[in-house]
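Worksheet: one structure, shown below.
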Amino acid sequence: MCDKADNHIDVQPEGNLEVSSVSSTRLYRRRWVILLLFSSYSLCNAFQWIQYGIINNIFMKFYQVSSFAVDWLSMVYMLTYIPFIFPVTWLLERKGLRVVALLAASINCAGTWIKVASVQPSLFWVTMLGQFACSCAQVFILGMPSQVASVWFGSDEVSTACAIGVFGNQLGIAIGFLVPPVLVPNVEDMGELAEHISIMFYITAAVATLIFLLVVFVFQEKPETPPSLAQVALRNMPTGQHSYLASIARLMCNKPFILLLISYGLNVGSFYAVSTLLNRMIIEHYPGEEVNAGRIGLTLVVAGVVGSLICGVWLDKTKTYKQTTLSVYLLSFVGMLIYSFTLNLGHLWLVFLTSGVLGFFMTGYLPLGFEFAVELTYPESEGTSSGLLNCSAQVFGIAFTIIQGKIIDHFGTLAGNIFLCVFLLIGSIMTAFIKSDLRRQKANQETGGNADSSVHPQHGETLPVKEVKM
């Protein structure tokens, strides 16, 4: 049982945190290289999540399996995440960013080469094995944007850096919507179809191999000097306070975080369901439009990329975490309603437009959830809070994909989309009840205030953060 004391995290700096250590915060130019590398292997992995689902009918024909079986090539990403996130988060706590990055890039690379060997109609199980390997790599990736941002970037950059980290994943999904319908056209000759699939798999494997080599030789654990006062406080924290199980227990007693955990899962789970079933929804109303289904998916994600970056910059400037998160959540609900009631009107241009509106807010919500969670749970590890958020998203994603798929089969796409609208409304209401306890901001202000009293004569003046070469 949780008492009131358990739900409180003291964010005051340790008594031995001297001004000299606080004033040594620095920003390294290499932080942008690290962020680019992370975004690159995240992109490669996310591309593979959706590469089957967006041409669902083509892979059904090639492997001679049901649409539900092809759906599982996407849902395996969600299923794998749930049991493996806890050991992976523990590994992140013990071994750090570099080990996790190496495992992510290497397992993802291995999965791509397994799929290269699966281009025969009788080898569906091999392509599932390769996809399973890639789904394991995803566990090392999905919760990392906020961790990379906090470890490498200053307090005025973390939200933007987190948004850029999420951007890599979103861009991978966007390419996954766009490229497979172009590389793998719906041809009748099975030999020709196998050749097209093989080309797609070989290109993916080559890119994954190059990224893996870059991670091996370039990716670093952390900067020598911390980039922010909050990171200084964490580095000065006694190691006993970094217990993973104790951290999980404290998070489970944090009521604002629990509300965010559920509402985040409802929103992102809805996005996973829409993305996985997009081909089926578009083809039902617009037969033969596989390529345009991919382009609609691209529109959905690109609009979300823009939304993510705008929201990240907005958070860095305003620090209005709850207000922004609630506004974007409500607009995601509105966007889903508009998409639901315009999908069957027979105008593809309208579907492109409504998908863009939906994507701008629904995908734009992703970095908001990460950063709001970090604020609510500081000084707990960013990887732990992000991992739990993503675990919630996977659970709801699997449930929503299966249930919405069955509803579409029996009652049509409108009923399936209304099903998601109901849960987005519930998530919006839950978000409104989250208490805005911005602990990381308090830590930066209080630590900075202590330093100001010793080295700055003017109230509110902050310590300079130096940017140095790589």
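Backbone N, Cα and C atoms are what each Cβ position is placed from, and that goes for glycine too.
These numbers come from a predicted model, not from an experiment.
The feature choline binding site is assigned by Swiss-Prot to Asn45, Ala46, Trp49, Gln138, Leu142, Tyr272, Gln394. The Cβ neighbour count for Tyr272 (choline binding site), using a 10 Å radius over every protein chain in view, is 22.
Positions annotated as compositional bias 'Polar residues' by Swiss-Prot: 445-456.
What Swiss-Prot lists as region 'Disordered' is 445-470.
Taken from Swiss-Prot, the feature topological domain 'Cytoplasmic' applies to 1-23 (among others), supported by similarity to another entry. Across the topological domain 'Cytoplasmic' (1-23), mean pLDDT in this model comes to 43.
The topological domain 'Extracellular' annotation in Swiss-Prot covers 49-66 (among others). Note on the topological domain 'Extracellular' (49-66): residues 73-74, 77, 121, 123-124, 127, 131, 134-135, 138, 172-173, 176-177, 179-181, 184, 186, 190, 193-194, 197, 200, 204, 275-280, 283, 290, 293-294, 297 of its chain, located 6 or more positions outside it, place their CB under 8 angstroms from a CB of the stretch.
Look at the topological domain 'Extracellular' (117-123): DSSP puts its residues at 0 helix, 0 strand, 7 coil. Feature annotation from Swiss-Prot assigns topological domain 'Extracellular' to 117-123 (among others); the stated evidence is similarity to another entry.
Sequence annotations record features per position, and here Swiss-Prot assigns topological domain 'Cytoplasmic' to 153-157 (among others).
Here the topological domain 'Extracellular' (184-188) is broken down by DSSP into helix, strand and coil counts: 0 helix, 0 strand, 5 coil. Residues annotated as topological domain 'Extracellular' in Swiss-Prot: 184-188 (among others).
Swiss-Prot lists 219-254 (among others) with the feature topological domain 'Cytoplasmic'.
Per-class residue totals from DSSP over the topological domain 'Extracellular' (286-289), listed helix then strand then coil: 0 helix, 0 strand, 4 coil. The annotation topological domain 'Extracellular' is assigned in Swiss-Prot to 286-289 (among others) on the grounds of similarity to another entry.
Annotation comment: Swiss-Prot describes 377-384 (among others) as topological domain 'Cytoplasmic'.
What Swiss-Prot lists as topological domain 'Cytoplasmic' is 436-470 (among others).
What Swiss-Prot records for 24-48 (among others) is transmembrane segment, and it gives similarity to another entry as the kind of evidence.
For 67-94 (among others), the entry in Swiss-Prot reads transmembrane segment.
Residues annotated as transmembrane segment in Swiss-Prot: 97-116 (among others). Only residues 6 or more beyond the boundaries of the transmembrane segment (97-116), in the same chain, are considered here, and those with a CB under 8 A from a CB of the stretch are 37-38, 41, 44-45, 48, 88, 91, 126-127, 129-138, 140-141, 144, 147-148, 151, 198, 201-202, 204-205, 208-209, 211-212, 215-216, 219-222.
The transmembrane segment annotation in Swiss-Prot covers 124-152 (among others), and the record cites similarity to another entry as its basis.
One way to see the shell of the choline site is to take the Cβ centroid of Asn45, Ala46, Trp49, Gln138, Leu142, Tyr272, Gln394; the remaining same-chain residues with a Cβ within 8 Å of it are Tyr77, Met78, Tyr81, Ser135, Ile141, Asn169. Long-range C-beta contacts of Gln138 (choline binding site), restricted to its own chain and to partners at least six residues apart, with a cutoff below 8 Å, comprise Asn45, Ala46, Trp49, Tyr77, Thr80, Tyr81, Asn108.
A simple way to gauge crowding: the CB of Gln394 (choline binding site) has 26 other CB atoms within 10 angstroms, across all the protein chains here.
As a whole number, the greatest separation of Cα atoms within the choline-binding residue list Asn45, Ala46, Trp49, Gln138, Leu142, Tyr272, Gln394 is 16 Å. Counting same-chain residues at least six beyond the ends of the topological domain 'Extracellular' (184-188), those with a Cβ under 8 angstroms from any Cβ of the stretch are 55, 57-58, 61, 196-197, 200, 290. At the 8 Å Cβ cutoff, the transmembrane segment (385-410) and the transmembrane segment (67-94) share at least 3 close pairs (sequence separation 6 or more) and count as touching. Long-range contacts of the topological domain 'Extracellular' (117-123) within the same chain: residues 62-64, 129-130, 190, 194, 197-198, 201, each at least 6 residues beyond the stretch ends and with a Cβ under 8 Å from a Cβ of the stretch. Stretch with the most C-beta contacts under 8 angstroms to the transmembrane segment (158-183), considering only 24-48, 67-94, 189-218, 347-376, 413-435: 24-48.
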